[in-house]
Amino acid sequence: MAKTLYEKLFDAHVVYEAQNETPLLYIDRHLVHEVTSPQAFDGLRAHGRQVRQPGKTFATMDHNVSTQTKDINASGEMARIQMQELIKNCKEFGVELYDLNHPYQGIVHVMGPEQGVTLPGMTIVCGDSHTATHGAFGALAFGIGTSEVEHVLATQTLKQGRAKTMKIEVQGKAAPGITAKDIVLAIIGKTGSAGGTGHVVEFCGEAIRDLSMEGRMTLCNMAIEMGAKAGLVAPDETTFNYVRGRLHAPKGKDFDDAVAYWKTLKTDDGATFDTVVTLQAAEIAPQVTWGTNPGQVISVTDNIPDPASFSDPVERASAEKALAYMGLKSGIPLTEVAIDKVFIGSCTNSRIEDLRAAAEIAKGRKVAPGVQALVVPGSGPVKAQAEAEGLDKIFIEAGFEWRLPGCSMCLAMNNDRLNPGERCASTSNRNFEGRQGRGGRTHLVSPAMAAAAAVTGHFADIRNLK
């Protein structure tokens, strides 16, 4: 029987399945950070259990860390406790930890792929909703809750029901300057923020195949923002070339054998999906969100929509509420909306290609008066590479702040946050009310679009800046 990629991955990991019972899946990789793990480790202690396969669990610090100093006390008492607990727990249970002073420390979804922890064909979980990022490798990756974190630590398995399948095909080639972030925002604009609920999404089409691995990670990172359980891109030569030679990747003949298997990880001809969505890549322009969920998004050249234009009463009410919170009026061109802060970073857009794209816009320009702009690399290796390429100097000379790795202003769990009423052009993944700070107003954009907003002081079409 013809199978989708998701069905192949799921079936390959079923440990036990009985009639009328939820299947038990084997978990190949478990990624851990400081926020969702303390209670899970305490649960192990309470029951006298060990981590079943510590070599398949990798930990880092990211959510709470300061991006201005490596001092563990810098982000407040709760953050200090969570980070100290992670150090204690990893030492006690034999889990590898990339702590604040480790050269590989960084955002968990940047660190995993970078170190070859993430490989095609795997099941990967983490107590974080953006675990879908790793689906870019043709891995079944999804976020789990703290009680599930404990279950995986103790058993290396997890009960999971089968999801519905969705194919999202982006046909043709994207125009120059259109990034993975623009593509995925355009997709969510079409599906809505709940359009993928109950599904695992496979992204395909020429525009997807043309993306680098970093672009595919941006794409899959935001699968959760359309309500999907996970996102997938079938592995190909782009994938294999990225993985080759990384720290935890197979070596020599083992790598060749792995590639032979990975090449089978694709949807069979004749396999059927529950839902199919199609977009034309050539029609996608630079995207900017205007509301308080990622589905409230338009092209930078568009005017802010009138709530009355939505036929669905729920969408209309949501648009009215969003405009009120965002302090915007319908009919205004997005390019007339001024910003206060810019955040370039997060597990969506903090990799080296993202920083290069932003630096290309920043080079030779200055951050607009009254704007604070942060650039936060996703990991120690990304920071080191950016500095080796001189990107830090470009940013600093332009008036951007060059920070240490961490989740930073993506979420208000550390010192980087918006003040009430401040408006931010952000390369992160969520624009919910208060996500970047109480009363903060978040607009999601690509790294180049964020840099353009920083140097102009308002949203600007990057196609007119180059």
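We number each residue from 1, going along the chain as drawn.
A Cβ is built for glycine as well, from the same backbone N, Cα and C atoms used for every other residue.
Small disclaimer: the values here were computed from a predicted structure and weren't measured.
Secondary structure from DSSP puts Cys410 ([4Fe-4S] cluster binding site) in a helix. Of all Cβ atoms in the protein chains displayed, 29 besides its own lie within 10 Å of the Cβ of Cys410 ([4Fe-4S] cluster binding site). Annotation comment: Swiss-Prot describes Cys347, Cys407, Cys410 as [4Fe-4S] cluster binding site.
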Cβ contacts of Cys347 ([4Fe-4S] cluster binding site) (under 8 Å, same chain, 6 or more positions away):
Ile107, Val108, His109, Val110, His130, Thr133, Asn221, Gly378, Cys407, Cys410, Asn429
Can you see whether DSSP assigns Cys347 ([4Fe-4S] cluster binding site) to helix, strand or coil?
coil
How many other Cβ atoms are found within 10 Å of the Cβ atom of Cys407 ([4Fe-4S] cluster binding site), counting all protein chains shown?
30
